[in-house]
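Straight from Swiss-Prot, the features:
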- 34-54: transmembrane segment (TRANSMEM)
- 78-99: transmembrane segment (TRANSMEM)
- HIS84, HIS183: heme b b562 binding site (BINDING)
- HIS98, HIS197: heme b b566 binding site (BINDING)
- 114-134: transmembrane segment (TRANSMEM)
- 179-199: transmembrane segment (TRANSMEM)
- HIS202: ubiquinone binding site (BINDING)
- 227-247: transmembrane segment (TRANSMEM)
- 289-309: transmembrane segment (TRANSMEM)
- 321-341: transmembrane segment (TRANSMEM)
- 348-368: transmembrane segment (TRANSMEM)
Amino acid sequence: MALNLRKNHPLLKIINDSLVDLPTPSNISSWWNFGSLLGVCLTTQIVTGLLLATHYTADTSLAFSSVAHMCRDVQFGWLIRNLHANGASFFFICIYIHIGRGLYYGSYLNKETWNIGVVLLLTLMATAFVGYVLPWGQMSFWGATVITNLFSAIPYIGQTLVEWAWGGFSVDNPTLTRFFALHFLLPFAIAGLTLVHLTFLHETGSNNPLGIPSDCDKIPFHPYYSIKDILGFAMMIALLAALALFSPNLLGDPENFTPANPLATPPHIKPEWYFLFAYAILRSIPNKLGGVLALAASILVLFLIPLLHKSKQRSMTFRPLSQILFWALVANLLILTWVGSQPVEHPFIIIGQLASISYFTIILILFPLASMLENKLLNL
């Protein structure tokens, strides 16, 4: 009998074990679609990004014009640019839902997978930040200036570090060229980390909504989940196309239609919507170093989540107290996102400070307390 190539070929075997014959829990819901959707986002961003890079010029005197030229004179350049810019938003929507899913169902107990996931989030944030600078509009320039300047809060080495990152004494041509280099490189680092993320995931297998071992009831990934994933792909691509075609500038900043001018500061400097929650936490502390530490902590706190798991149950499915806290955390992040987009004045300052305190309180204090209380109430 002939060997089955799919199961025996050195390369096809890897693909087969990851996408075809992968044993998968029979009860995972659509919340498990977002991992593969992130793969689609990454592929889309790399393809559109490569096409944009062929027409882009990383020079302060030409960057803005090269982007304008792309939108006017390159075949479908406007579409490629709009897909790339809005694709970033979909990337973040998917990764935030993916992290929320992991938090709700206790997937973070696969520690290696979770920790690499957090590193992936940090890399994605870095990629999006350096990419936002490339069109060299007003908000690109001032966003880069404000955020890179935060490193100067690091004691002793801060100022040297910032000037080293800038390649001079302000954000200028050397900064733009190195940001382009980084923006080109990092997505491939993300792709590499994704493979490591999946390698660790396939060591343990996927979690499921009940948070219980499912080895006794596994089904093959293909055709059951491959077809389910394709539905997710179609829905996301349809939404991305709708946004890119009907309202491509909905999530952008109008300041970026003005070329960068170091002599004129925009009235409200703010990042893209997906960074606003962290920006609100940064702004809520009236001290530079304190703000930078809070900003870092707002993401790095994810590394602590596996250590703060005190419940005898893995998932929140049967834990109503933790569920209330989880949705309070989601609401809190939405409030932080809204506050981050508002000017620094009353009442937004105090709302931002209260929301920042609640963010850390819910994660670091209330989640473990609720878990221990639930254990007690259920006599576990």
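Backbone N, Cα and C atoms are what each Cβ position is placed from, and that goes for glycine too.
Note that the structure is a prediction, hence the values are computed from the model and not measured.
Annotated features, which come from Swiss-Prot, shown on the structure.
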| residue | record | DSSP class |
| --- | --- | --- |
| HIS84 | heme b b562 binding site | helix |
| HIS98 | heme b b566 binding site | helix |
| HIS183 | heme b b562 binding site | helix |
| HIS197 | heme b b566 binding site | helix |
| HIS202 | ubiquinone binding site | helix |
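Cβ neighbour count for HIS98 (heme b b566 binding site): 21 (other Cβ atoms within 10 Å of its Cβ, all protein chains included).
Of all Cβ atoms in the shown protein chains, 14 besides its own fall within 10 Å of the Cβ of HIS202 (ubiquinone binding site). Proximity of the transmembrane segment (179-199) to the transmembrane segment (34-54) is established through 3 or more Cβ-Cβ distances under 8 Å for residue pairs spaced 6 or more apart. Packing around HIS183 (heme b b562 binding site) is summarised by its Cβ count: 22 other Cβ atoms lie within 10 angstroms of its Cβ, all protein chains included.
By the Cβ criterion (distance under 8 Å, sequence gap of 6 or more), the transmembrane segment (348-368) is not counted as touching the transmembrane segment (114-134), fewer than 3 such pairs being found. Long-range neighbours of the transmembrane segment (114-134) within the same chain, counting only residues 6 or more positions beyond its ends whose Cβ lies under 8 Å from a Cβ of the stretch, are 56, 58, 63, 67, 88, 91-92, 95, 98-99, 102, 107-108, 140-141, 143-144, 147, 171, 175-176, 179-180, 182-183, 186-187, 189-190, 193-194, 196-197, 200, 271-272, 274-275, 299-300, 302-303, 305-306. Three or more CB pairs closer than 8 A are found between the transmembrane segment (227-247) and the transmembrane segment (34-54), so contact between the two stretches is assigned (pairs 6 or more residues apart). The number of other CB atoms found within 10 A of the CB of HIS84 (heme b b562 binding site), across every protein chain shown, is 20.
All protein chains included, HIS197 (heme b b566 binding site) registers 21 other Cβ atoms within 10 Å of its own Cβ. Cα of HIS98 (heme b b566 binding site) to Cα of the residue listed as 'ubiquinone binding site': a span of 17 Å.
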